[in-house]
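Copied over from TrEMBL, here are the features:
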| type | residues | note |
| --- | --- | --- |
| DOMAIN | 23-129 | domain 'Cadherin' |
| DOMAIN | 130-238 | domain 'Cadherin' |
| DOMAIN | 239-346 | domain 'Cadherin' |
| DOMAIN | 355-451 | domain 'Cadherin' |
| DOMAIN | 452-561 | domain 'Cadherin' |
| DOMAIN | 580-672 | domain 'Cadherin' |
| SIGNAL | 1-25 | signal peptide |
| TRANSMEM | 688-712 | transmembrane segment |
Amino acid sequence: VRYRDWRWQALWWHHFFLLWNTIDGQTRYTIPEELKQGSVVGPLAKDLGLGLSEIFDRKLRVASEAGKQYFSVDTGKGELVVNERIDREELCGQRASCVLPLQAVLESPLQLHRIEVEIRDINDNAPIFPSNHLYLKIAESAAVGTRLLLESALDPDVGSNSLKSYTLGKNECFSLKLKEIEGGKTVPELFLEKLLDREQKAVHNILLTALDGGNPVRSGISEITISVLDINDNIPVFEKNVYRVTLPENSAKGTVIIQPKATDMDEGLNGEIEFSFESRTPDTVLNIFDINSLTGEIILKGDLDYETNALYGIDITAKDKGTPEMEGHCRVQVDVIDVNDNAPEIVLNSPPSPVRENAPNGSVVALISARDLDSGDNGKVSLQLPKSSPFSLTPSFSNNYALVTRGALDRENFSVYNIEITATDEGSPPLKSTKTIPVSITDVNDNTPIFSQPSYTVYIKENGIAGSILYSVSASDLDLGDNAKLSYSILDSKVQDVSVSSYVYINSENGSIYSMHSFDYEKLKVFQIQVQAKDHGSPSLSSNATVHVFILDQNDNAPSVIYPSSAVHGSLSQQRTSRSSKAGHLVTKVTAVDADSGHNAWISYRLAEATDASLFAVNLYTGEVRTKRAVSEQDDSSQRLLIEIKDDGDPVRSTTVTVSVLLEDGLHEPILDLRHKTDDSHKKTGRMALYLILSLASVSVLSLVTFLILAVKCLKSSRSSGSCCMRRSDSEDYKNPNRNLQLQLNTDGPIKYVEVLGGDMMSQSQSFRSCLSPTSEYSDFTFVKPSSTTDFKDMINVLDASLPDSTWTFESQQVSIKPGQYTTY
Ligand SMILES: *[C@@H]1O[C@H](CO)[C@@H](O)[C@H](O)[C@H]1NC(C)=O
Ligand SMILES: *[C@@H]1O[C@H](CO)[C@@H](O)[C@H](O)[C@H]1NC(C)=O
Ligand SMILES: *[C@@H]1O[C@H](CO)[C@@H](O)[C@H](O)[C@H]1NC(C)=O
Ligand SMILES: *[C@@H]1O[C@H](CO)[C@@H](O)[C@H](O)[C@H]1NC(C)=O
């Protein structure tokens, strides 16, 4: 453009000097550019002083020195008009004034007039930016005051219509500054007013407007896009500073506990986060937890145990990949929740000590404690004992207990208690454990020795060998050791005024009782020994038992003849009898006694030899010698009879007596000898008879009373049983000492021998009966026999009617007798 301007100017100056000679006046017009074709520029003809006819005649025309003919002359009116659009900017560019020189040419005569047309600028151009969209980049870290050069706008118009100012669209960070460059020109610049933050606004779009000074104002717009370049200026940030997780201690491996989230506002690598544990994380955490570096998930990889570690603090780092890298932190707090995974434990703090069986309530046996590794309710332990246990637990301080006795102990029942203690915690479900504590009970001498029987009954034959074993008693003691070790002894008592220890002794070790004597039934029939068994405890305990020794009769005595008394001396005893005696006449009566008893004393008489066996007969039982027939004159006056007297023992013992009988004429008092003898004894007999009567009377009364009591008892008990038994406790009468009566009678009376036993004798285990034959032949024969050795069933008889009172008549109903029990007939 400049080049063109310059050429155009040169040309113009050449024409100007050429024309200057021919032109006398100068005409100048001013028009705005861009007029329409035909627009009148000025009255050229008039200004040249030409009339209308001259215009045509002289052929007025204009010629442009430039190539283009922008103007022409209207031949009708002689006005200069615009021939072509005129663009000032094209013609004159940025020059301040734009004048087009013209020549008005007149012919005949040739006349040249110089005409100037000044083209005035109008604001027909808007400012224009070289590019309407400008892309810029700026670092996020750019400091305040940073400038960014922008493009200048161009406006071809000149003067006031040219570019005048710029305005910047509204924004926070930038302002517009103009920078002057050479030649007084200015360039717009962006000025950073405030720090940028990509994370807040990554792209700034601003409109730059260029304005000219025309009226109306024209503008040009350029859009500026500024991209803020990221700087790693943001640390990764966790959503929370502290994450809390509760985790049951039995959580499975592989469980994802938590995923802490972190964000980094930067972009690209600056915003890429990698998770890790803090570098100083202890092994206790590393062994149990793992972290996913990409996602940040924390994973359980080990076993949790509330009891070893209930709380974990895990420091997590989130790191971006920028340069320099930036990191953020958070803490994950893992609270392990207790699960009832530990059974309670019972601990024996002191070994159980043996307890005496008489230990009072509350004696301490052992100290125990309970513990549970769990916590809270899971660790609360309670202990239980079986309800029946004679022990209890006394709590002392925190979970410590004393095992104490609570009830009576008995070593004889349980020598060892296995105390089962159950511990239960309060978890859900509760866990249990048991422990058995053996507690041994030590013996206390609390059991007396006990004899195998409360009393013993021993039968021994008389005439035994001294030093032989009478009996062996035995006692037992439930205690242990010395408390059960027994010694036997015999308690001193008198037997027939002699100390019992002179009769027997006892083996203190085993209770065997030895006789020190040979016993004679005829002297001692029964005696009692009190034996004592004593243990070796301290204090010792003892118990007593009674041994009843019954001496059994042996047939060791031959019958001895009492009458005729001379027979004792072996001399002949003379009996006289009258020749006039009839058959059956009592000649004499042989009386013998046997010191033995029972069968051994059951005497029978037999005529062994006789001068005339046909004349006399001896009664087998009474010993009466009677005539068999009437004595005749032919009978020898001196008769000799040999009478054998036998007892019923085994072996039989016998004795003989020789009786000589003198047959005399007219003898009326045949037994003078006897009378004389009986005279003497009559007084005795009288007294004896009186005693006997009194005794019998008293016995009878007693018997009657007894009988009545029995009768009442029998009536009462007959409904339930057929037997009529009377026990010792029922019969007070038998304790009556009056019953301890023994009578022996030797008379011609109906009773020859009566033995009445009672009182203490009767209270022995043996009962005795008095049996009297019902027939007259047996009436004066009495025997006494221990009932247990003989079956008396057949021999039970009724007392002879000759007794003053027959109340002794009882019916036998039961024969077997137990010790300590009576049977009354
Ligand atoms: C011991 O304790 C038990 C149970 O508490 C009770 O029945 C018994 O009477 C007590 N004995 C003594 C001697 O206190
Ligand atoms: C021992 O056992 C007997 C019989 O079984 C019983 O009667 C007694 O009460 C028991 N004693 C103790 C202390 O358990
Ligand atoms: C007791 O001891 C004596 C002597 O050692 C012996 O002869 C006797 O047979 C024993 N008695 C018992 C019941 O063992
Ligand atoms: C045993 O008998 C003796 C002597 O009679 C007496 O002192 C003692 O108390 C009795 N013992 C028993 C347990 O009855």
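Here the Cβ of each residue, glycine as well, is placed from N, Cα and C on the backbone.
Among the stretches 23-129, 355-451, 580-672, the one making the largest number of Cβ pairs under 8 Å with the domain 'Cadherin' (239-346) is 355-451. In this model, the domain 'Cadherin' (23-129) carries an average pLDDT of 85. Taking H, G and I as helix, E and B as strand and the rest as coil, DSSP gives the domain 'Cadherin' (23-129) the counts 16 helix, 41 strand, 50 coil.
Helix, strand and coil residue tallies for the domain 'Cadherin' (452-561), in that order: 7 helix, 53 strand, 50 coil [DSSP].
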